[in-house]
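Sharing a structure with you now.
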Amino acid sequence: MTPSPLLLLLLPPLLLGAFPPAAAARGPPKMADKVVPRQVARLGRTVRLQCPVEGDPPPLTMWTKDGRTIHSGWSRFRVLPQGLKVKQVEREDAGVYVCKATNGFGSLSVNYTLVVLDDISPGKESLGPDSSSGGQEDPASQQWARPRFTQPSKMRRRVIARPVGSSVRLKCVASGHPRPDITWMKDDQALTRPEAAEPRKKKWTLSLKNLRPEDSGKYTCRVSNRAGAINATYKVDVIQRTRSKPVLTGTHPVNTTVDFGGTTSFQCKVRSDVKPVIQWLKRVEYGAEGRHNSTIDVGGQKFVVLPTGDVWSRPDGSYLNKLLITRARQDDAGMYICLGANTMGYSFRSAFLTVLPDPKPPGPPVASSSSATSLPWPVVIGIPAGAVFILGTLLLWLCQAQKKPCTPAPAPPLPGHRPPGTARDRSGDKDLPSLAALSAGPGVGLCEEHGSPAAPQHLLGPGPVAGPKLYPKLYTDIHTHTHTHSHTHSHVEGKVHQHIHYQC
């Protein structure tokens, strides 16, 4: 039967109400409020950049500046739950800031461009102790400017670890008026290595090659001119080849279950002396080796290498990486491995992904089956009955069309002539009809077109036993009664009962 239109209107709200609100809200992070992409800050002031994102589960936020991750080592920067706070803004703080929020269903980025304005008028800078000496000041001194670093984004990483035999470059590119000079020191002592005496155009970079353990220490660049001085310090750790292989910390990755077509993720945290290589692998199930161009062996099993995203450096010295799986299918189910490797070896940990079956498997449209069952019962019964009636009528017509016309009755026997095949009575030697004649019966000359028997010519007629291919069956019961009188003759009384059954 056809569903009611009212039911069709009420069905979607009922289905939506069957799911709890919490389940319906789960998904990737989304914006909770609008933001102004261009932010302006005054030199020396404090600026706050908001990251108004929300999601279920709550997302993990990470801030970057010009592509470099902001961590606790940045003294003037503080990552707060509401956003990023920058104190005592400097000129080099200008740049592109990105807040990236990630949960198990996806990620969202909020971008800012920070512009730093200098509200200090030229000529009001302190000129140093020698400014109080007498004499005529150079008119150009009114435009003097203290040195400043021009590439602060390349100086964020102040703690550097390198193995023996490697190299490192320390940069302190600066500008000012007059043109500043730079001096490199190690552990507060002037450098005597040849690397410190490079050509003028490379003086802003200190290159340390073929590192040795004694190269470990604090390296400081001091940039100065008549207007002032600035400095920056790097800590270099030269380690004797990595002492241990990476270690996977925490409980991740963990076994995960996802709905068909849903989104989920695995995460992996690796602790290593140097930045490790983190790679995700998926085990190739038996019989599916031909689907992949290349596989690798790990622990005696075959795995396929999956695309791996960025490796994030955390303030505690560990490294984090996530594997995102979208639009999960049955092929995505199986064992996944997080592999962390460095020059000393590798460590791995496995987890399983379970993909729930598709609640709506492909099949024939439901409307076709419902329309077939919605027919009224009289129609369902009447169609087969009509077909049977038409078929019976056709069969009857064919049966009548194949019947032959009436056959003429046989001629009566000549008087005094004994037909062959007659028998004698035991007592009176009277003639009796033969079984063949009786079996032929008086119905030999029946007209089959009318379906009624013709009157017999003679009970013992010798007519030939022949009939059409389609003929009525004749069953004859003969009851013979013999009465013996005192006279010498016998009387035969024959009673014939004919049962005619027409069969096509």
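Just so it is clear, glycine is given a Cβ too, placed from its N, Cα and C backbone atoms.
The model shown is predicted, which means the values in this text are computed figures rather than measured ones.
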Looking only at Cys221, Cys338, which is named in Swiss-Prot as the disulfide mate of Cys268?
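Recorded disulfide partner of Cys268 in Swiss-Prot: Cys338.
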Could you tell me the mean pLDDT over the domain 'Ig-like C2-type 2' (147-237), as a whole number?
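Across the residues of the domain 'Ig-like C2-type 2' (147-237) the model's pLDDT averages 84 on the 0 to 100 scale.
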Mind tallying the domain 'Ig-like C2-type 3' (246-354) by DSSP state, helix then strand then coil?
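Output for the domain 'Ig-like C2-type 3' (246-354) reads 6 helix, 58 strand, 45 coil.
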Summarise the domain 'Ig-like C2-type 2' (147-237) as counts of helix, strand and coil residues per DSSP.
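Per DSSP, the residues of the domain 'Ig-like C2-type 2' (147-237) fall into 13 helix, 47 strand, 31 coil.
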